[in-house]
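As annotated by TrEMBL, disulfide bond applies to Cys28-Cys60, Cys38-Cys49.
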Amino acid sequence: MSDLSSKYVLQTAGFDARFPNTNQTRHCFQNYTDYFKCIAAKGEDYAPCKQFKRAYNSLCPNEWVRHIPQNSFGQHRSPRPLKFQIAKWDEQRENGTFPASLEP
């Protein structure tokens, strides 16, 4: 057991005073937009940007992660679940229809 604890550090997003005692969906969205603003300004290799990504992955509701698409034979196409809302936001960003500014 100590071998595992030395390899992995479990973390979640810290307290954010902008979202006290509220549904964390807005907090998830804000960290998503902050991540893409950060990488637009500093680049994907800028380490502090990764904190925003870890935060939105930690805070997004579990319901956005549970579905695994199936092919016509009822078999799973992918071993990993898809984050529907995040996939939707990614698509909106690519199409230029994302509902928030991502300019740094």
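Placement of Cβ uses the backbone N, Cα and C atoms for every residue, glycine included.
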- All chains considered, the count of other Cβ atoms within 10 Å of the Cβ of Cys60 (disulfide bond) is 21
- Task: Compute the C-alpha separation of Cys38 (disulfide bond) from Cys28 (disulfide bond), stating it in Å without decimals.
- Result: 15
- Task: State which of the following disulfide-bonded residues has the fewest other Cβ atoms within 10 Å around its Cβ: Cys28, Cys49.
- Result: Cys49
- Message: Just to verify a number: CA distance, Cys60 (disulfide bond) to Cys49 (disulfide bond), in angstrom, no decimals.
- Response: 17
- In angstrom units, rounded to an integer, how far apart are the Cα atoms of Cys28 (disulfide bond) and Cys49 (disulfide bond)? 15
